[in-house]
Amino acid sequence: MAKQITSNCNFIFGASDIKSLPNESAPEIAFAGRSNVGKSSLINLLINSKKAARVSSKPGCTRQINFYSMYNDKFRLVDLPGYGYSHAGKEEIIQYLNLIEYYLIQRRNLRRVFVLIDSKVGLKEIDKDFIYWLICNNINFNVVLTKIDKVSQKSLGAVIEDIQRWINNENVSIHQMSIRVKHKITKVRDEFFKFTR
């Protein structure tokens, strides 16, 4: 099954401006979060690949919206540029932030946004700002806690409680992920992909 998933995923396009966004012919789920929170690693884990999505140790390397086609374009995974730290210049940052905003608000085939939060640092102000923006624009989202293997269960529980209290919406699910904790990946993958049906 894992090999089948990998063979049915292809990188199709990296959009650096509004005009270059691909057509809206397939349902999409998008992954957002602070720079270096693990979006590309999560996508690789979901599709059982080590290199489909480029992973960098330097924050702010993804500067375009990357689209991955699943099962002959039955649906797509979308890797959004990280918010926060970036090596890009001010004008370039403004350009891709405008691109992200346009994509999230205008994309008719967008089914769900998964907001990734680093469990080591918890919910930061910049995460709150982004989530508040999603809420104000009526954009459906869930939360994904990354790097859960690097914190204690007590600390993880405190982070989850803090997020639940701040969002205060029982319809927003909180998922737990780590590239080193793979035994629950099938269940999580099914949970993510159900939004594309």
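In case you wondered, yes, glycine gets a Cβ from its N, Cα and C as well.
Keep in mind that this is a model prediction, so the values were computed, not measured.
Marked as domain 'EngB-type G' by Swiss-Prot: 25-197.
When secondary structure is read from DSSP and collapsed to three states, Pro81 (GTP binding site) falls in the coil class. Taken from Swiss-Prot, the feature GTP binding site applies to 33-40, 60-64, 79-82, 146-149, 177-179.
Using a 10 Å radius centred on the Cβ of Ser40 (Mg(2+) binding site) and all shown protein chains, the other Cβ atoms total 21. Per Swiss-Prot, the feature Mg(2+) binding site maps to Ser40, Thr62; the stated evidence is sequence analysis.
For the pair formed by Lys147 (GTP binding site) and Ser40 (Mg(2+) binding site), distance between Cα atoms is given as 13 Å, rounded to the nearest Å. Of all the Cβ atoms in the protein chains shown, 29 others lie within 10 Å of the Cβ of Lys39 (GTP binding site). Counted within 10 Å of its Cβ, the other Cβ atoms near Gln64 (GTP binding site) come to 16, all protein chains included.
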